[in-house]
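Database features, via TrEMBL:
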type: BINDING; residues: Asn150, Lys151, Ala152, Asp153, Gly204, Ser205, Ser206, Gly207, Val208, Gly209, Lys210, Ser211, Thr212; note: GTP binding site
type: BINDING; residues: Cys285, Cys290, His292, Cys298; note: Zn(2+) binding site
type: DOMAIN; residues: 102-262; note: domain 'CP-type G'
type: DOMAIN; residues: 111-260; note: domain 'EngC GTPase'
Amino acid sequence: MTLLQLGWSPFFEEAFAPYRSKGLVPARLIRETAINYGAFLEGGEEIDLVLSGKVWHDAANDAELPAVGDWVAVDLGGENEDHVIRARLPRRSCFSRKMPGKSSEEQVIGANVDVVAVVTDAGPDFNPRRMERYFALIARSGAKPVVLINKADLFTKQENAEAAAELAALCPDADIHVTSALNRKGLSVLKSYLKKGATMCVVGSSGVGKSTLVNQLYGEEWQWTGDCNEVTGKGRHTTTSRELVPLPGNGMLIDNPGMREIQMWTDEQTLRESFADVEALSHDCKFADCRHQKDAGCAIRGAVEAGSLELGRYESFLQLDDEIAELRRRAKKRQMSVERWAKRNHRVKARNLEDRIQLEKDERGDWC
Ligand SMILES: Nc1nc2c(ncn2[C@@H]2O[C@H](COP(=O)(O)OP(=O)(O)OP(=O)(O)O)[C@@H](O)[C@H]2O)c(=O)[nH]1
Ligand SMILES: [Zn+2]
């Protein structure tokens with residue numbers, strides 16, 4: 001693999017110039033754990049790396065630390081020496097989310113992603129509100145949004161076209177394609193974005209056909225399933241723990257649990273937002289702890305009785321917490337592996353040196 005095939009460009013070459021003159025080499029990160037990183041070097045050799053203390057301390061927050069997809073400047077160690085990351089090159093794009101519960105912490109899910117393909121369908125999965133969440137995330141990242149309205153074979157031409165038109169209106173920057181994984185049309189669409197060095201990720205709800213499409217990209221020999229391996233937290237296709245995977249032909253795929261978790265987070269957000277108007281009514285409830293059932297002075301019940309709020313919508317609103325719980329239950333298996341993954345990552349560990357040393361000891365099973 002050449003640097004170009006790994007996504008190198010004049011942008012990175014320019015940023016790398018001062019490091020090159022110091023004898024460092026460029027590498028692209030393909031994996032991260034609490035202790036170290038994995039990366040591809042020019043030629044495709046895979047190496048383990050550690051972060052220099054300086055890069056660690058200079059990072060103002062976790063989002064500035066190197067993440068999967070980043071290009072870094074590496075000091076290659078000699079025999080029995082670590083290879084050390086001396087710097088992270090600037091990012092052309094960055095796919096990130098806020099850490100759950102910690103509103104100020106940004107979590108980088110993938111850096112230097114060129115294309116984000118969102119897979120949906122014109123039927124049960126179709127939800128413009130959820131798609132808005134995806135579009136907002138992608139717009140912030142700087143990647144190109146691409147939508148696959150998949151399973152076209154199950155819906156009429158008109159249904160597919162209407163779904164496409166609605167999404168096109170929501171996000172004029174997005175390329176919208178009607179595809180079917182069955183006739184491999186989805187495959188050719190994805191391939192058209194996988195130019196030499198392009199990095200892609202594939203997101204979307206469970207069951208829309210992501211695995212089917214990605215397996216077609218990998219070719220027959222490699223099976224990808226969205227299910228995470230309980231132990232490793234990786235998709236079952238990975239015999240190694242790569243989160244950035246070169247594809248046969250051109251391009252690379254970033255696939256990690258954080259990427260898969262986006263769906264759950266987006267769904268929950270969408271669900272909450274879709275009841276924002278009902279929630280707004282609750283400000284007029286007489287009691288702050290109103291449960292909006294038989295409570296006196298409930299503004300939401302009042303709206304139902306006055307006919308300005310549909311009974312069915314009110315009932316769904318009451319079930320909102322249940323629905324979110326159900327969403328979480330379904331995602332629990334994945335979430336567990338995401339947590340394990342996050343724990344193994346530097347993002348959630350304390351950033352002072354003592355804690356880091358302790359973490360490394362723990363990781364080695366070294367308790368003294
Ligand atoms: N009819 C039809 N079925 C499809 C198409 N693409 C995928 N499927 C089927 O839809 C089901 C779900 O597909 P997957 O590829 O497992 O979906 P996924 O998005 O990876 O789902 P998770 O792994 O749960 O995230 C499978 O039975 C596929 O065979 C399509 O274009 N048309
Ligand atoms: Zn109320």
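Using N, Cα and C of the backbone, Cβ positions are placed for all residues, glycine too.
Following the DSSP three-state reduction, the secondary structure of Lys210 (GTP binding site) is helix. Taking the centre of the Cβ atoms of Cys285, Cys290, His292, Cys298 as the Zn(2+) site, the nearby residues of that chain (Cβ within 8 Å, site residues left out) are Ser282, Lys286, Phe287, Arg291, Gln293, Asp295, Gly297, Ala299, Ile300, Arg301.
Taking the Cα atom of each, Gly204 (GTP binding site) and Cys290 (Zn(2+) binding site) are about 36 angstrom apart. Within the same chain, residues at least 6 positions away in sequence whose Cβ sits under 8 Å from that of Asn150 (GTP binding site) are Val119, Thr120, Asp121, Thr179, Ser180, Ala181, Gly186, Val208, Gly209, Leu213. Averaged across the domain 'CP-type G' (102-262), pLDDT in this predicted model comes to 85. Ala152 (GTP binding site) has His292 as its nearest neighbour among the binding-site residues Cys285, Cys290, His292, Cys298, going by CA to CA distance. DSSP places the residues of the domain 'EngC GTPase' (111-260) in helix, strand and coil in these numbers: 53 helix, 33 strand, 64 coil.
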